[in-house]
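Student: Have a look at the structure that comes next, please.
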Amino acid sequence: MGNNWIDESKSWYISDESLEYLDIVLNISLHGLLSSFGVMSNVLNMVIFIKLKLKNSMTVGLFALSFTDFYVTLLKLASCGSNLVEIMYPDSPVDPMMVGGYLFNLSYVFYLVSCWITTMLSVERCFCVVSPFTVRQTFTRGRCLTTIIVIYVVHIAIHLPVFIFTKVMWVPVETGANLTMSEQYILTFVIDENSAWWETLSDFVIGISLSVLSQVILIICTIWMIVCLKNSSKIRKLPSNEIKGVDESNTDDKVSKTPEQTLSPKENRMVKTVLWLSIIVSSCNVPRFITTFVHQIVPGMNLGAYENLEKLLWDISYFCGTSCCCFNIFVYIRLNSSYAKKLNRLLS
């Protein structure tokens, strides 16, 4: 009885025909166009950051973010291509979804790495606001590079067993009409108990636990940067004679002695840059966390109920994740004058 209900609920809210249409529009057309733009924009980002020279931890971090986002969008684009091949060549001896699924899972790992790199940059900018004179000694280029390598190693090491234990085999499938049934073999993934266990563990560790931790830190840093930028703006609006004539014994006036006022215009712009990158990541992560929450609280969904609806929710969340890796270029153009000048020279 329970299994019948789960099977019947598959097409509730979203029919199979509607899902097929939305899959073509969202996962192939829109996702493919967005990924193509992301590949090109991140190539431009990497070229320009190299031209600006990776001279400090901030530029190294931004280059690493563009490098990671490049692979996210490139792998997503290849995954879209696999989905297109499946539609155009349904009788292919090699399962296109096998290739697409492999590329998609790899892009998801890179996306989680990208979120952590943004979190790392946010933490650095928070230290810059609190202690601007020591941030360069604390966050050196070498330490930044080491942290990025650790982030990569942790995420890849946890997810690597999923690829190792997933077997690639020739599997028999039946084709043709009822009266002329025939059997052919296709090359595809076969998930056994080991690979399923590792996939569950990987999702829990890097997809939920580490991802939630990253998001919590990112939100805290975002709020802190917003508050500090507002305080800094208030201080800059004060007349210079008021700032110089502050009575240090007056606690109300001590706001002018806070570290924010010591930020140079360049450092202020860098804080704003990272702030907007953090806001983009947090906004694009909202659908993913909502879908995860809905999957856990809706009765039967974790057992396979409402399959079409859940697939649509995940498709939307993955599309938002790809968007997160494509639009950083607009932040750099708006807030980084050196970047904008290099881009104009490169495109002119």
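Placed from the backbone N, Cα and C atoms, the Cβ positions cover glycine too.
Residues annotated as transmembrane segment in TrEMBL: 24-48, 60-79, 99-123, 144-165, 204-227, 274-296, 316-335. What TrEMBL lists as domain 'G-protein coupled receptors family 1 profile' is 41-332.
Would you situate these features in the structure and describe their surroundings?
Tutor: In the predicted model, residues of the domain 'G-protein coupled receptors family 1 profile' (41-332) average a pLDDT of 84.
For the transmembrane segment (60-79), same-chain residues at least 6 beyond its ends with a Cβ under 8 Å from one of its own Cβ atoms are 31-32, 34-39, 42-43, 45-46, 49-50, 54, 99-101, 103-104, 106-107, 110-111, 113-114, 117-118, 120-121, 124, 141, 144-145, 148, 277, 321-322, 325-326, 328, 332.
Distant neighbours of the transmembrane segment (99-123): 58, 61-62, 64-65, 68-69, 71-72, 75-76, 78-79, 81-83, 86, 144, 147-148, 151-152, 155-156, 159, 162-163, 189, 206-207, 210-211, 214-215, 217-218, 221-222, 225, 274-275, 277-278, 281, 285, 318, 321, 324-325; these residues of the same chain sit at least 6 beyond its ends, with a Cβ under 8 Å from one of its Cβ atoms.
For the transmembrane segment (274-296), the list of distant contacts is 65, 114-115, 118-119, 121-122, 124-125, 208, 211-212, 215, 218-219, 221-222, 225-226, 229, 302, 310, 313-314, 316-318, 320-321, 323-324, 327-328, 331, 335: same-chain residues at least six beyond its ends, Cβ to Cβ under 8 Å.
Within the chain, the transmembrane segment (316-335) has long-range Cβ neighbours (under 8 A, six or more residues past its boundaries) at 26-27, 30-31, 34-35, 37-38, 41-42, 44-45, 48, 62, 65-66, 68-69, 72-73, 76, 104, 108, 111, 114, 269, 272-273, 276-277, 280-281, 283-288, 290-291, 343.
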Student: In the same chain, which residue numbers or ranges, 6 or more beyond the ends of the transmembrane segment (204-227), come under 8 angstroms Cβ to Cβ?
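Tutor: Here the qualifying positions are 108-109, 112, 115-116, 118-119, 122-123, 125-126, 129, 154-155, 158-159, 271, 274-275, 278-279, 281-282, 285, 289, 292.
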